[in-house]
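Colleague: The structure is given below, and queries will be raised subsequently.
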Amino acid sequence: MEDSPQRAVQGLGSFPWYVGGTQVLGLACVVITGVWMGSYHGGYAWDGSGQEFNVHPICMVLGLVFLYGDAILVYRVFRNESKRNVKVLHAVLHLLALIISIVGIVAVFDFHNHNKIPNMYSLHSWCGMLTFVLFCVQWLMGLGFFLFPGMLMALRSWYLPLHVFFGLAMLAMSLATCLLGISEKLFFSIQHTYSQFAPEGILGNMLGLLLVAFGILVGYVVTREDFRRPPHLEEEALSVHFKTLTEGRGSPTSP
């Protein structure tokens with residue numbers, strides 16, 4: 001037990017490599033998605049054509065995977081910043097992810113409507129919409145519980161484990177939806193040559209593996225105990241102060 005702090009310090013030596021690995025993998029996913037849609041499907045536009053559809057995958061990978069993953073990581077990366085500032089950055093990254101994902105969703109619906117293609121019929125679209133709706137709820141709940149003043153500490157303590165769990169669960173849902181979308185796109189595009197190891201199929205499969213690797217590495221960094229943000233003295237004092245106030249009023253210790 002006495003050498004556990006020393007082991008924690010030693011464990012932090014590998015921390016920058018893990019965080020750097022998440023950024024390399026995340027950026028690689030965004031770049032490969034962009035290259036795939038640009039090189040194999042004609043680039044990007046906003047005119048109801050297939051080029052407008054291409055806006056959808058790049059926005060969803062950038063928003064609900066890369067930026068969302070980074071929003072989860074900020075509490076590990078900014079270990080010595082004030083918790084208030086980290087909360088604001090966490091919320092801003094989520095807001096950017098939300099805006100970019102809205103653009104991606106509007107693009108695919110507009111493409112479908114322009115070309116008389118039915119909406120929301122595939123498992124990919126069902127999982128994607130469920131993930132997006134839960135993401136919006138999670139973001140609004142996070143604002144209400146952790147950024148707005150006046151929320152009781154007992155309620156924050158009750159909601160925090162749910163917030164953390166659903167944050168990681170929705171990253172997994174985003175990744176699963178992306179994998180479904182990759183398979184769907186490849187079957188639509190190269191159904192007859194996919195089994196012949198067509199270059200586009202290999203590129204799409206590589207993208208899928210990189211997305212899985214990104215999710216695993218983010219999950220590892222977030223759940224590894226010695227990577228957790230250390231408690232700050234002023235935060236501990238504030239927590240004790242709120243606990244004293246609530247217990248003094250006879251508030252229940254559990255919801």
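Just so it is clear, glycine is given a Cβ too, placed from its N, Cα and C backbone atoms.
All TrEMBL annotations are machine predictions without curation.
Grabbed the feature section from TrEMBL, which reads as follows:
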- 12-35: transmembrane segment (TRANSMEM)
- 21-223: domain 'Cytochrome b561' (DOMAIN)
- 55-76: transmembrane segment (TRANSMEM)
- 88-109: transmembrane segment (TRANSMEM)
- 129-148: transmembrane segment (TRANSMEM)
- 160-182: transmembrane segment (TRANSMEM)
- 202-222: transmembrane segment (TRANSMEM)
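Are these features on the surface or tucked inside, and what are their neighbours?
Modeller: Beyond the ends of the transmembrane segment (12-35), by six or more residues, the same chain brings 57-58, 61-62, 65-66, 69-70, 73, 76-77, 203, 206-207, 210-211, 213-214, 217-218, 220-221, 226-227 to within a C-beta distance below 8 angstroms of the stretch.
A Cβ distance under 8 Å defines the sequence-distant neighbours of the transmembrane segment (55-76), meaning residues of its chain 6+ beyond its ends; these are 15, 19, 22-23, 26-27, 29-30, 33-34, 36-37, 44, 46, 86, 89-90, 93-94, 96-101, 103-105, 107-108, 111, 128, 131-132, 135, 167-168, 170-171, 174-175, 177-178, 181, 185, 211, 214-215, 218, 221-222, 227-229.
Within the chain carrying the transmembrane segment (88-109), a Cβ under 8 angstroms from the stretch's Cβ atoms is held by residues 46, 52-53, 55-60, 62-64, 67-68, 70-71, 74-75, 78, 119, 128, 132, 135-136, 139, 142-143, 147, all 6 or more beyond its ends.
For the transmembrane segment (129-148), the list of distant contacts is 64, 68, 87-88, 90-91, 94-95, 97-98, 101, 105, 120, 155-156, 159-160, 163, 166-167, 170, 173-174, 177: same-chain residues at least six beyond its ends, Cβ to Cβ under 8 Å.
Counting only same-chain residues 6+ beyond the ends of the transmembrane segment (160-182), those with a CB under 8 A from a CB of the stretch are 57, 60-61, 64-65, 68-69, 72, 122-124, 127-128, 130-131, 134-135, 138, 141-142, 145-146, 204-205, 207-208, 211-212, 214-215, 218-219, 222-223.
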Colleague: List, by number or range, the same-chain residues at least 6 past the transmembrane segment (202-222) whose CB is under 8 A from its CB atoms?
Modeller: 15, 18-19, 21-22, 25-26, 28-29, 32-33, 35-36, 40, 61, 65-66, 69, 72-73, 76, 168, 171-172, 175, 178-179, 182-183, 185-186
Colleague: Return the average pLDDT for the domain 'Cytochrome b561' (21-223) as a whole number.
Modeller: 94
